[in-house]
């Protein structure tokens, strides 16, 4: 540092930028040149107070030394003296304090191992960080090959970051080995190693990761959870991986395919929960990649305690015992046993018996193994027991033999006695036959009785077209939902079904201590069975698992203790969307298009009160029609609807379904009848797929052994029984058609028969509904794409509909264009209204469904 003469009353260096590490001393070489100068001190250039912990020494011959610098000392300083009572300052010193380097630089790489085929390009990246620039980053190859890298440096706060990239344009066998990224500073160094393999051609290699060491087979106890794992070493990465399992019924498999951390290799896993003996067998994993297939096998043997069956056939006792390992069978004989839980082995007088034993071979030698043992009976036997024993446990069965039969000569019965006997036998046979017929009728009726069914399904694992759903009985129930049942005051019945009812109620203190909240309470009837009670609890668990959202009917609380289970949900005063649209149809036309004549097309929906509406089930009225009409009493009930309301309803339902999709939940019955409308005209999705009278509902058509709402179902749901989020998108398109036709039945004038199914297979789409803007009809047609992956997601649908809502000036103009388009369309329709009315009188009863005011809440 060189002095540059006199600066006022100080000698100062030419360069006055001071950079030191924290905890080091910093010398500001400002030397007063005027004799008699006093009060030599240090100040901040802006005259603010020095940092409170800053310590310094002032020496007229050296300057000012700042002791043990800290990061907070960064700033601009001046030296100051007084000359003749006047303060004189030096030139400004710029002081910078850097973080002290205490550790070697940090280093990280994106992968620990990689593989390439000869001739391919390889690019590896290494990230290093240090508190200052005084560090280096370099690469080293285990074969001592020279590696060239490109570095990019960035400063972020107090850290300096370097990204070093090594590129090998065409890898060769000699490039295989370890490539090490090395970073060094004055404290030390750190390294990160990447292992490179070079293959001659693409490959797939599978290595079973045995859960029980390295045995060739896997043995597991019955009822345990088994995990089978396969390491997949493949380049390029596999395109498909599938598990093959034994053909066991009601098996639940959870399949995963995950990448090993910082590796190109993957691990395929198959979880089998509570494994059963019939799930023993060969499990295989097949991987496909780059036109190469590889397969590996597991042989799974499930340990099972012996099961014993003992029978007497033609003077011999036959004992059939099955289990794994193959049980050893022995016979015991004794005079008597004390109870059914004791056998001859508990009796001190028991005697071992000799028998013939045979091992019955099973296919592929998988469990269970069956042993057949035959014992020839003798006259002096009384109680004989068959005992089967293996490593898991013991099974036994005994039989009490009757005393030897005494053969006595009897006279032949006369003809009269034979006729009486024949009459008795005939009468008995007829009676038994009638009893079997009666039993069959009872069983059939029981199987046809509506069952409590939760339509919503929550996906746990997806493997291609195979979906594993969460068992709702296994979901936890959080007691935070508990609400004191004595704070509920019940009102009128909103609707009732075969097994339960929904009652309007008020809840005291649901939100705040003294607040009263209007709610809907779902409960079971006394006629409900155990399975209905369990299913209602499952519904409670599903709702609590999903959480709340503005556009679903939310759970508010529950009562599960001290009485029957009660579900407390939001109360939606306007009832279901289908009824609401049909009720408002005439006023909608008058309000939007200013024409009285066109409203007659839809007026029949509300004038004929002597019919039932198309609903999920015929509900029994809890109150009179007038009392159960929720649609006319909400504060948000408009005198007339307009296009903006229809757009909002469409958007609300899409947002609700997007929420369900984010929770991996499939609705499986998206329709206007399954949407409720709240006081503030917010559409909320609900689940009304609960045991309803679908036998008498025209919307439900027999297909196979079930009744399904086929007019709302996607092709893959109808023909393949496949339900996905994308099949919900198809149903949502049908719901949009319902909304913009003001509640008309979809596919009007089309009967569900072979012709209908052929139309769906061939891609038939309904025409644009009367009140649908072109943009909305375009969304409907996108939802009805035959290829599920071509349909938009609910997130996309929300974005498209939101763009039509009048929130901005541009959207307001678009909304006005929609209004004008619809007005022009229906002005032309006025000229043919008379013909429309005549045609309408010929419509099918399905299209002339009147509105009923009762049962806006539909029940299980």
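Cβ coordinates come from backbone N, Cα and C, glycine included.
Note: TrEMBL annotation is automatic and uncurated.
Feature annotation from TrEMBL assigns transmembrane segment to 420-444.
DSSP assigns residue 674 (Mg(2+) binding site) to a helix. For 467, 674, 687, the entry in TrEMBL reads Mg(2+) binding site.
The domain 'Protein kinase' annotation in TrEMBL covers 488-805.
Sequence annotations record features per position, and here TrEMBL assigns ATP binding site to 494-502, 522, 570-576, 673.
The feature active site, proton acceptor is assigned by TrEMBL to 669. Under DSSP, residue 669 (active site, proton acceptor) is assigned to coil, being neither helix nor strand in the three-state scheme.
Here TrEMBL flags 826-860 as region 'Disordered'.
For 827-850, the entry in TrEMBL reads compositional bias 'Basic and acidic residues'.
Per TrEMBL, compositional bias 'Polar residues' is recorded for 851-860.
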Among all protein chains shown, how many Cβ atoms are found within 10 Å of the Cβ of residue 522 (ATP binding site), not counting that one?
22
When you measure from the Cβ of residue 669 (active site, proton acceptor), how many other Cβ atoms are you left with inside 10 Å?
20
Give the distance between the Cα atoms of residue 575 (ATP binding site) and residue 669 (active site, proton acceptor), rounded to the nearest whole Å.
17
To what whole number does the mean pLDDT across the domain 'Protein kinase' (488-805) round?
79
Out of 494, 572, which of the binding-site residues is least crowded by other Cβ atoms within 10 Å?
572
Length of the line joining the Cα atoms of residue 494 (ATP binding site) and residue 687 (Mg(2+) binding site), in Å:
16
Residue 674 (Mg(2+) binding site): which of the binding-site residues 500, 522, 572 is the nearest Cα neighbour?
572
Measure from the CA atom of residue 687 (Mg(2+) binding site) to the CA atom of residue 669 (active site, proton acceptor) and give the result in Å, rounded to a whole number.
8
Looking only at Cβ atoms, how many others are within 10 Å of the one on residue 500 (ATP binding site)?
25
